[in-house]
Each structure stands twice: as C-alpha cells, then as structure tokens.
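Have a look at the structure below, then the notes.
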Amino acid sequence: MAKKRGEIALQEEIVDEDSWNALRIKQGLMVVDVYQEWCGPCSAVVGLFKRLKTELNDDLLHFAVARADTVESFELYRGKCEPYFLFFGGGCLVAAVKGVNPPQLEECILSKLKQEHDVISGEAERVEIRDPMVIAKELKEAEIKQRKEEEEEIEQELTLAVLKPDVVQSGVAEQIIGELEEKGIEILESQEHLFTAEEAEIFYENVKDQPYFQDLVGFMTSGPSKIIVCALKGKQGIISELRGLIGPSIFEKDSEEMNETIRAKYGTGIIQNAIHASSSKEEAARELAFFYPGYEPPVITVKRTQPVSKEHEETVHATGKHEIERTVAVLRPQAYELYKDEIVKQIKNAGFTIALEKAIQLTKEQVEEYYKEHMGQPYFGELTTVMSSGPCLALLLAREDAVAKWREMLGPASVNEAKATAPESLRAQFTMTSGKNKEINLLHGSANEHEVEKDINVFFPVEKTVAAIKPDAYANRDEIIERIESAGFHVAARKETTLTKDIARKLYENCSGQPFYNDLVNHMVSGQTLFMILTRSNAISGWRQLMGPTDPNKASDESSESIRAIYGRDILRNAVHGSSNKDEVQRIQNLLFSGIEASEENQTMSSRSSRRDSINEEMDTDKDHLYEVKEEQEAEPARSQENEETKGGVHKTQDT
C-alpha cells in the first residue's frame with residue numbers, strides 16, 4: 001500500500017526477509033508496525049511517532065513497517081486485523097503492544113528506549129521476551145491436543161420410529177418427518193412397510209396382555225406404515241429427545257402442556273396415535289434388529305464423561321483433589337488506573353489463571369472495616385484514604401502455590417525496601433506518581449489461606465442466579481449439571497417442568513418485540529425444561545461465561561469448552577438460559593420457584609459468614625465481570641482503533 005512521503009521518511013519499509021535482517025541489527029530501539037498488505041500500516045499512530053522523533057531527537061530510536069504477507073519472520077501475524085507493534089533492541093524482541101493505544105505505546109517507547117541506552121552504556125542487561133504469537137500458537141496447539149485427549153469415538157445412539165397407517169394414509173407422514181428434522185433429528189433410514197399380523201404381534205409383544213392388543217394388531221395391518229431410523233446430529237440422547245417430542249401414549253387434547261406434541265396434534269386415540277417410538281435402549285436395539293438386522297450405527301466423536309475438562313477441573317471453585325491454590329490480588333486505585341494492563345500481563349506470564357475480576361469502589365468505612373487489624377498504626381489513615389480514593393480491582397488468581405508465588409511477586413510491603421532489596425518486584429516497579437502517600441504500596445495480596453477465604457468473602461461474595469436447561473438439551477441434563485458443579489456452582493434448588501405458553505411468554509417478556517419471539521416460546525413449550533437456582537461467587541457472570549455466547553457457532557470459535565459450544569445447535573436451540581442481572585434473577589425465581597422449592601437455596605445463602613455482611617450490602621450492587629482467561633483468537637474488524645475496556649462494566653444482553 002502506497003504511503004505518504006512523510007511516512008516513508010519516518011518509517012523504514014520491511015518487505016522481505018533480507019530487508020528485515022538488514023534492519024534488525026541496527027543499534028538502538030526499533031519499533032515495528034506489523035501490517036497486512038490488504039489494509040496497510042496503521043496511520044493512527046504516525047502523528048505520535050513523528051512527535052516523539054522530533055521531541056526526543058534520539059538517533060537510537062527507529063520506526064519501521066513490516067508487511068507480514070511477505071516477511072517470513074512475521075508469518076504468525078498474517079491474517080490479523082488488529083495492529084501489532086513489536087519492539088526490538090539489538091535484534092531481540094523486548095516488548096510487544098497489541099492494538100492502537102497511544103498512551104501505552106508512548107510509555108513503552110520511552111521505557112524501552114531508556115533501557116537500550118542503559119544496555120549500550122553497560123548499566124543494564126537486555127531482557128528478551130517471547131513472541132506473543134508463538135505463545136498463542138503453543139496455547140492453541142495445547143488446547144487442540146487436550147481436546148483430542150478429552151474426546152472419544154463411540155457408536156451413536158439410535159432409535160426407531162413407526163409412523164402409523166393413519167398418518168401415512170392421510171398424507172401427513174412427511175409433514176411429521178419435517179417437524180422432526182426441524183427439531184434437529186436426523187433421519188438415517190426410511191422405508192414403507194405393510195405389517196403382517198404375525199409381524200405386528202411380534203413387534204408389539206410387550207403389550208400383548210393389554211385389552212386393546214388385537215385392535216392394535218388389526219390397525220397396524222390395515223395399511224402401510226413408514227419406518228424411520230432416527231439420531232441426533234453428532235450427539236447422544238435421541239431416545240429421550242424423541243419421546244419428549246411425540247408425547248405420552250394417552251393424552252388429553254385440552255392439556256395445554258401437551259398440545260404441541262406430535263400425538264396431540266395428529267393422533268385420535270390410544271391406538272391411532274400417529275407414531276410409535278422406542279422407549280429404551282434395549283427396546284430400540286430390538287426394534288432396529290426387527291427391521292434392519294445387522295445395521296451398524298455411525299461412529300461419532302463426543303466429549304469423554306470424565307474428566308469434564310482440564311479447565312473445569314482446575315477452576316478455583318472446584319472441590320476436586322489437585323494442587324491448584326487460589327489467592328486474591330487487589331490493585332489499589334492508582335495501580336488500577338495507571339498500570340492495570342502491565343500488571344495483568346506479568347500475572348499471566350507468571351502462570352496464574354485470572355479466574356475472576358471485579359472492579360469495586362469502596363467507601364472509607366468499608367476500608368476501615370477491612371483493615372481494622374491495622375487500626376492504630378501510623379499509616380492507617382493514609383492507607384484508608386488511598387484505598388477509598390477510587391475504584392480498586394480485585395482478581396481471583398489460581399495456580400500451584402498461588403499464595404506464596406503472589407507474595408513473592410509483590411515484594412516487601414515498604415516501597416523503599418522493595419526498591420532497595422527487590423527492584424523486580426511489583427511493589428518496586430509500580431508506585432505512586434504523586435501525592436503525600438508515596439510510601440503506600442499499590443498492590444495487596446492475601447497472606448495465607450485464612451486471608452484468602454476472608455478476601456474471597458469480601459470481594460467475591462456468594463451470589464445466586466437462575467439457570468435453565470432447555471428442551472433441546474434436556475436429554476443431556478446430567479452431563480450439563482456435572483459441568484455446572486465442576487465449575488464450583490451449588491445447585492440450591494431445582495424444578496423440572498414442561499412450560500405452558502403463558503409462563504414461557506412471561507419468562508421471555510423482554511423479547512416480546514423480537515421477530516423470533518413466537519418461535520422461542522414454541523420451542524420452550526415443546527418439552528421438559530430443568531430450572532435451577534445456582535449459588536457461587538459471582539454466580540450471574542460466572543454462569544453466563546460457562547454458557548458461552550448465544551450463538552453456538554460463535555461459542556465454538558470463542559469458547560470451545562462452553563456448554564453452548566458443546567450442546568447447542570443454533571441460536572434458538574442453544575441448550576441453556578441464564579439471568580442477566582439480579583433483578584432478572586429475582587423475577588424468574590418469583591415466577592418459577594415457590595418458597596418451599598427455594599428453601600434449600602435460602603438456607604444456603606443465610607448460612608454464609610456474617611462477618612462480611614456490613615461490607616457486602618453495598619458491594620453487592622457493584623458491577624462485575626469475568627476476566628477472559630485466553631487471548632481472543634479473532635481480532636476486531638476495525639483496525640484503526642481499539643475498543644477501550646470499560647472498568648467494572650457489565651454488558652447486559654437479553655439471552656434466548
């Protein structure tokens with residue numbers, strides 16, 4: 001892409017491996033904008049680079065643009081829409097900045113340029129970092145390997161259905177098949193068959209003692225039936241899924257809960273009830289052998305039942321026996337405002353998983369309560385003033401030896417001591433830039449396991465949410481509940497029901513103006529739904545993260561271990577539902593759970609430690625969100641600017 005004359009003078013062009021090899025040995029700091037040929041270099045930062053070049057007038061500062069499409073060294077950056085700025089000193093990668101963030105770029109340039117001067121003068125040693133794209137590639141490869149280890153090939157569960165003579169003769173058999181396919185059921189085999197009396201007696205031998213047996217045999221031999229072999233695409237659970245769709249053998253036409261089932265719509269009695277389906281795996285095997293002897297089920301790849309996933313096994317709230325520890329880190333207001341990204345980067349580089357993140361504005365009274373053990377110390381007043389001067393950021397960290405490792409990274413509590421004895425510690429690196437309180441360090445960490453529990457109770461109080469396993473995933477409810485419990489949730493109350501249309505409309509009243517509303521309501525009344533009250537720290541946002549994006553296809557790309565990625569089929573049949581905020585939780589609880597059904601939940605919530613209640617009453621209203629553990633794999637389409645993170649924000653969406 002052609003560039004303006006001023007840009008050419010400012011930034012040297014790297015178009016192939018030879019030109020890169022010639023530039024990378026240049027003495028000083030080389031700031032390289034890695035771009036794609038189709039969109040060109042980032043023009044938004046040229047003004048910043050010009051200003052720095054003019055103001056600093058430093059011969060050791062160089063700028064370049066590298067075309068990733070033609071330079072082998074930047075092969076891993078191909079196809080990335082978002083800008084990447086790589087910092088090289090003496091041919092070594094010393095820093096990397098993702099996205100257009102001028103303040104961060106300027107700070108990094110000034111810092112690394114000073115470092116290069118110190119290296120050249122012999123006052124410091126150059127610290128090389130690993131290429132972030134190499135790290136991302138390794139993580140992706142490890143994820144793929146882990147996924148393969150967690151999958152297994154098994155024979156697909158099949159069932160047999162018989163569309164009876166009444167619906168075949170009336171011409172609605174194909175319509176019923178179409179309805180089944182719309183519900184995600186695959187028809188693997190199909191044939192018309194006219195039962196003989198002997199065949200009908202053998203096929204229905206399990207009801208031979210019933211008074212209607214001879215009438216049933218006579219009806220089944222009165223005309224051709226349609227025999228179909230059914231499966232769920234790539235999944236198990238077809239037997240219970242199909243049984244839920246066809247409805248009970250004996251039905252009441254005025255039953256609102258059952259009027260959407262196939263038998264309710266097309267059947268006229270206990271014998272002429274439109275369709276027969278196998279009721280168990282044993283019956284399905286017998287009936288398949290009756291019509292398709294020697295039929296081999298397809299082999300499908302599914303998730304192993306155990307372990308559920310490494311991510312869920314190692315979640316900080318899981319109760320399994322492993323060596324993962326958790327600890328709480330707190331970035332005080334100035335650290336949150338000025339240094340958050342760099343601190344978070346160092347935390348991740350140290351092998352921590354940031355399981356939860358919460359931005360909190362504490363009052364001075366709350367801070368005094370939290371640090372009451374320090375009351376009477378000369379620094380107490382300054383400490384409480386600093387902590388209440390703006391929003392803090394609390395992080396729930398997890399890894400082996402988390403408490404000790406985080407304390408080691410923090411360094412001494414005294415800033416002066418940290419600078420003198422542990423200059424690489426976080427408290428030495430990130431300090432107050434102004435004010436009278438420069439001796440107050442900017443980071444806090446739990447000192448022991450007892451403090452970890454106290455801090456979790458204060459910063460991540462137990463919360464409740466309402467979850468639903470929809471009709472399309474009801475057959476997989478046991479597996480889904482296992483994942484829920486492995487993620488640290490407690491199922492405090494549960495209710496299995498087939499919704500009426502009235503309740504379904506109330507459940508999704510916020511979607512009433514949407515074009516998909518009627519389809520959504522019809523789907524929710526098509527079979528049984530399992531509703532649960534879940535409790536856990538940050539339960540609302542935690543459950544929404546575990547669910548994944550509303551669209552299962554997007555969930556597969558962005559959150560492959562989420563429930564919707566594994567069990568969802570499309571946006572309508574996306575397996576699960578969750579409340580988006582506390583008001584919604586209360587509304588749905590009032591709608592679906594009586595006081596008796598929710599009593600276990602109430603008892604669970606009330607049994608929590610009263611020690612944190614005075615703080616939690618105000619903190620419960622704070623906005624929170626979960627930290628994204630892995631770097632997003634798909635960049636934003638707009639390259640010229642990067643969305644700034646909204647501190648402490650929660651994106652509220654109406655879930656279907």
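Each Cβ is built from the backbone N, Cα and C atoms, and glycine gets one as well.
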Co-listed ATP-binding residue [TrEMBL; alongside LYS470, PHE516, ARG544, THR550, ARG564] among ASN457, ASN476, ASN574: ASN574
One finds that other Cβ atoms within 10 Å of the Cβ of ARG564 (ATP binding site) number exactly 25
Cβ neighbour count within 10 Å, max among the binding-site residues THR550, ASN574, goes to ASN574
I'd like the per-state residue tally for the domain 'Nucleoside diphosphate kinase-like' (462-600) from DSSP, helix first, then strand, then coil. 68 helix, 28 strand, 43 coil
